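Please read the structure below before turning to the comments.
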Amino acid sequence: MPPRELSEAEPPPLRAPTPPPRRRSAPPELGIKCVLVGDGAVGKSSLIVSYTCNGYPARYRPTALDTFSVQVLVDGAPVRIELWDTAGQEDFDRLRSLCYPDTDVFLACFSVVQPSSFQNITEKWLPEIRTHNPQAPVLLVGTQADLRDDVNVLIQLDQGGREGPVPQPQAQGLAEKIRACCYLECSALTQKNLKEVFDSAILSAIEHKARLEKKLNAKGVRTLSRCRWKKFFCFV
C-alpha cells in the first residue's frame with residue numbers, strides 16, 4: 001500500500017517517548033571512623049583543623065570531644081571519614097572510652113618534643129584502646145615535628161632538666177613493638193607529612209574493614225554449609 005498523506009484535519013500519529021539515557025548509579029559511600037588519642041596539648045586538634053580546614057589554630061583550647069567530617073575519593077570511590085578529637089585529660093577518661101568500640105582506625109599521637117607523651121603511649125593510650133577495641137589498626141603519629149630542631153624548644157628542654165626530643169629510631173622501634181601499622185612524623189603548622197598521615201589512616205581502615213567483611217562472609221558460608229548438612233541427615 002502506498003504511503004498515505006495526512007489531511008490537515010488529521011492529527012499526526014503519536015510516538016512513544018524516548019526514555020532518557022540511564023545514569024550510572026553512584027557507588028555507595030564508605031564510612032570510616034578515625035579516633036585521635038594522646039596526651040593533652042600534643043597537637044591532636046591542630047592536626048584535624050589543619051587537615052580539614054587548611055588552617056592552624058591561633059591558640060590552644062582544651063577539647064572535650066569534637067568531630068569533623070571529610071569526604072575523599074579512593075580509587076574513584078567516595079569515602080567519608082569522621083575524625084574524632086578526644087581529650088587527653090583524666091577527667092574525660094569515661095567520656096573518651098565511649099567512642100572506642102566502633103572505631104575503624106586509631107591515631108596514637110605524641111609530641112616529638114614531649115618525651116612524657118611518648119612514654120604514655122604504652123603506659124596509658126594503647127592499653128586503653130585495646131581494652132575497648134582489640135582489633136582496629138593503630139598508627140603511631142609523632143606531632144609537632146617542626147619543633148624538633150627549634151632552638152628555643154631545645155633550650156627549654158635542657159633548662160627544665162628534661163630529655164631531648166624523641167629520636168626517630170626509638171619511635172619507629174615502639175611502632176614495631178606495639179604492632180602499629182606504621183610510624184609517621186608530621187607538623188600541623190607546616191603541613192609536612194600531614195596528608196600522608198590521614199591517607200595512611202584511611203587505607204588502613206579500608207583494609208581492616210575488608211578483612212572483617214571477608215571473615216564474616218566466610219563464617220556465613222560455613223554456617224550455611226553446616227545447616228544443609230544437618231538437613232541432609234534429617235531427610236535420610
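Just so it is clear, glycine is given a Cβ too, placed from its N, Cα and C backbone atoms.
Residues or ranges marked as region 'Disordered' in Swiss-Prot: 1-27.
The feature compositional bias 'Pro residues' is assigned by Swiss-Prot to 10-20.
Marked as phosphoserine by Swiss-Prot on the basis of a large-scale study or a structure entry: S25.
Under DSSP, A41 (GTP binding site) is assigned to coil, being neither helix nor strand in the three-state scheme. Residues or ranges marked as GTP binding site by Swiss-Prot: 38-45, 85-89, 143-146.
For C234, the entry in Swiss-Prot reads S-palmitoyl cysteine, with the evidence type similarity to another entry.
Look at Q89 (GTP binding site): DSSP puts it in coil.
DSSP classifies A145 (GTP binding site) as helix under the three-state reduction. Taking a C-beta cut-off of under 8 Å and a sequence gap of six or more, T86 (GTP binding site) has these contacts in its own chain: V35, L36, V37, K44, T63, L65, F92, R96, C99. In sequence order, V112, E185, C186, S187, K192, N193 are the residues near A145 (GTP binding site), counting only same-chain partners six or more apart with C-beta under 8 A.
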